[in-house]
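As recorded in Swiss-Prot:
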BINDING   329-343, T421, R564  NAD(+) binding site
COMPBIAS  177-193  compositional bias 'Low complexity'
COMPBIAS  201-220  compositional bias 'Low complexity'
COMPBIAS  228-240  compositional bias 'Polar residues'
DOMAIN    22-81  domain 'PWWP'
REGION    168-270  region 'Disordered'
REGION    276-279  region 'Interaction with histone H3'
REGION    319-612  region 'Dehydrogenase domain'
Amino acid sequence: MSKNKKMSLSGGDTTEKFIYKPKDLIWAKMKGFTPWPGMIVEPPLDLLTQQRRANTKCVFFFGSRNFAWIEENNIKPFEGPWKEELAKVSKPAAFRHAMADIDKYIDDPAEVDDQINESCGVPNHATEADFDKIRDAVDSDENAVDADADANNGVVVHVVGSPDVSEAVEGENNADSSASPTVTAATPATAKSPAKRTPKAKPVSAVSATKAAKASTTKSAQKRRISAHQTPTGANTSGLPNAKRGKRVVSGGATPGNFDGASSSSPTARRRVEVDDLLASLAAKRAPNAIALLDRPVVTRPETQAIDMNSRSNTLADRDIVPSELTFGFLGLGMMGSTIVKDLIYTGHKVVVWNRTIDKCQPFVEAGAEVKDTPMDVVEAADIIFCCVSDPKGAKDLVFGNCGVLQLKDLRNKAYVEMSTVDPDTSLDIGEGIKQCNGRYLEAQIHGSRQEAADGMLIILAGGDRTVFEECHSCFKTIAKNTFFLGNVGNACKVNLILQTIQAVSLVGLAEALALADRFSISLNDIIDIFDLTSMKSPLLLAKGKEMAKGDFNPQQPLSHMQRDLRLVLNMAENLDQSMPVTSITNEVFKHTKRLGYSEHDSSAVFVRSRF
């Protein structure tokens with residue numbers, strides 16, 4: 001790597017001049033990602049066919065081990081005063097894995113080099129050399145043909161053969177192997193029509209076979225005429241997929257036995273054989289569709305954060321919570337459910353759990369919870385059953401589905417609390433089903449992020465049976481800082497979806513504003529610092545803005561959940577003929593971000609769509 005060309009990396013304050021060559025270790029900035037450790041390499045064959053901008057380099061990314069074209073102004077050398085700063089920009093597991101991967105490469109580059117060669121189909125460094133070899137071969141072949149024409153007084157030797165004729169001759173003259181249905185002609189290099197020569201005498205059987213074959217194959221014989229300087233030896237000379245090659249004899253002494261190998265007196269044909277073999281080997285190894293699919297830049301899934309049963313919230317420890325004597329069932333141990341159950345166990349509540357993936361129940365069993373095989377079993381064992389799943393369909397399946405809550409026909413002395421984010425109609429349907437089985441129903445919508453749940457700082461919006469609300473007081477005090485009872489079933493769902501709409505629209509506005517600042521090359525951190533001093537600030541927007549600036553989209557509130565809430569809001573507004581144009585556009589922005597691969601990332605990942 002030598003200093004000569006100007007280079008800059010987004011987010012950096014210094015610029016230096018560098019020229020990069022293969023095997024140089026670098027930092028590369030790709031759209032939607034923080035600077036990532038990589039290496040300059042020769043492009044794989046499939047990348048050579050892709051359109052790319054000027055002043056780009058092919059970069060191999062450590063960790064994910066894929067390839068991409070990166071502009072030189074988004075590249076920095078790996079070693080430098082900026083290394084320590086860039087290494088601290090992102091902390092996800094994928095980034096740590098990439099750093100470990102490049103350190104491993106520095107110690108032992110063999111394994112990564114082998115993978116690069118395998119991904120490319122042929123060694124990367126040979127790609128340009130192979131192309132030059134093919135180009136030089138074509139040029140030398142043309143020069144050789146011109147030289148041969150000059151040496152023969154302007155006459156180029158042609159080989160003319162009919163596969164059908166040669167097969168007929170071979171069938172009649174197996175005993176006489178010297179018989180060959182070959183016609184030799186000569187063509188002046190500058191003439192339009194071939195010059196005529198007196199043909200050599202042929203055996204009688206060969207002549208009769210030739211006449212019989214020509215009656216039906218005149219056109220195909222004409223199509224099969226080839227010149228030695230036009231078609232590589234061994235190619236399909238008929239121009240048809242299933243045509244067979246006949247034996248050919250070249251005037252000058254070449255026989256059918258040594259023609260394919262190219263006689264020592266024909267360097268042009270021999271060179272053509274080498275080029276043909278090289279092209280065939282490249283085509284066989286390339287597998288372009290598979291390589292293009294595997295080497296596309298991808299969005300990695302966010303790291304699944306395992307529940308830490310030993311962590312304790314300081315806020316929760318300061319609260320004076322007296323656990324209820326009732327047994328609480330919990331259906332669903334997802335991102336929010338697992339955090340809530342952990343806090344309930346910590347505060348001394350008796351909990352029975354169920355989850356579709358039984359492995360997620362194991363940490364809670366070790367902490368003192370009891371696990372059941374089906375939702376119906378949980379209902380039998382518990383007094384009050386909480387449900388917290390990802391969407392309305394899942395919530396209804398747990399109630400009305402096979403082995404669901406309503407499979408236990410008599411829910412007398414049982415209560416069901418729906419904590420999943422659902423629309424009012426779904427909540428009413430579930431409540432009606434519970435009441436028909438003599439049970440009590442409460443909707444308790446939770447508003448907040450995963451971190452707020454861990455800190456016990458959620459907002460609970462409840463509606464339905466007031467007695468159930470009071471019996472759940474100790475649970476709500478454990479997980480929430482404020483609890484509101486809003487009356488009839490459906491009211492809490494409406495309020496929760498309205499709050500989610502405000503949050504989603506605000507996030508899209510923040511993302512677009514920061515994307516504009518980025519286009520102006522204004523530091524996003526400076527924008528966030530100034531925003532913190534204004535009356536517009538809020539803990540939510542400040543936190544999301546910092547995540548956008550860092551490119552850290554570890555899920556606190558998944559983007560797919562936010563888009564789900566917007567969909568429910570728009571359906572609810574449609575039933576009322578309420579116009580919501582801004583919310584509709586916001587929903588489309590979130591849908592597009594999901595399409596880009598950020599469905600399971602945090603809702604702040606909407607910044608990626610606005611920026612790029």
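Cβ from N, Cα, C; glycine included.
Positions of Swiss-Prot features highlighted on the structure.
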residue: G329; record: NAD(+) binding site; Cβ within 10 Å: 27
residue: G332; record: NAD(+) binding site; Cβ within 10 Å: 26
residue: M335; record: NAD(+) binding site; Cβ within 10 Å: 20
residue: S338; record: NAD(+) binding site; Cβ within 10 Å: 24
residue: V341; record: NAD(+) binding site; Cβ within 10 Å: 28
residue: T421; record: NAD(+) binding site; Cβ within 10 Å: 24
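Summarising model confidence by region, the region 'Dehydrogenase domain' (319-612) averages a pLDDT of 94. In the three-state DSSP assignment, the secondary structure recorded for G329 (NAD(+) binding site) is strand.
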